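Features reported for this protein in Swiss-Prot:
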BINDING   56, 58, 112, 115  Zn(2+) binding site
């Protein structure tokens, strides 16, 4: 990035970085057509992804790439720190569409170590408009305060909060009516909690006990059609 005081250089830089995307797009199209001439015809015909991926907006964690999947194979929702508030219209709309219309078989909540959103939530300071969003993660800390405070190493505590934030987001997904009702009727979707490691590119499966969590949640949040 040029010196901001050199406006002409900044303008040229912005034009170049913008135009580069279209060059890359044309190269990508050529590559896809070369491998499969019908790729875009099939893409335009519709989507039937097996997976709903709920992840962090961090640019280093591209959902399709880390899962080894192509366009049309995963439905994606991303936000800061992969939080799933049940009052967030965006998250709830995505889950309802993915489960109710696309009939996804798996819902993955994927966090990542060294998450800036989780790190910010660990900082006891006023972060303005981010405060209500980060409150969700701070509440995760509050719920698991005893476990987290017992971890002496700051890095290990940070990593564990990343994992617990994923687990609590999975709980939020499981609380939704559309997930409970679809699972009762069809046996899917299954909810999974993963963490991506930026240092080696590997995914860690937290192996959440989906049936156990569902049974525990339904003691209070039983939203299946036969529960009334």
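Even glycines carry a Cβ here, placed using N, Cα and C.
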Residue 56 (Zn(2+) binding site) CB neighbourhood, other CB atoms within 10 A: 26
In the three-state DSSP scheme, residue 56 (Zn(2+) binding site) belongs to strand
Taking 10 A as the limit, how many CB atoms besides its own sit near the CB of residue 115 (Zn(2+) binding site)? 26
Excluding its own, the Cβ atoms lying within 10 Å of the Cβ of residue 58 (Zn(2+) binding site) add up to 19
Around the recorded Zn(2+) site (56, 58, 112, 115), other residues with Cβ within 8 Å of the Cβ centre, ordered by sequence, are 55, 57, 60, 61, 81, 82, 111, 114, 116, 117, 118, 196
Filtered by Cβ under 8 Å and at least 6 apart in sequence, the residues in the chain of residue 112 (Zn(2+) binding site) near it are 55, 56, 58, 60, 61, 162, 195, 196, 197, 198
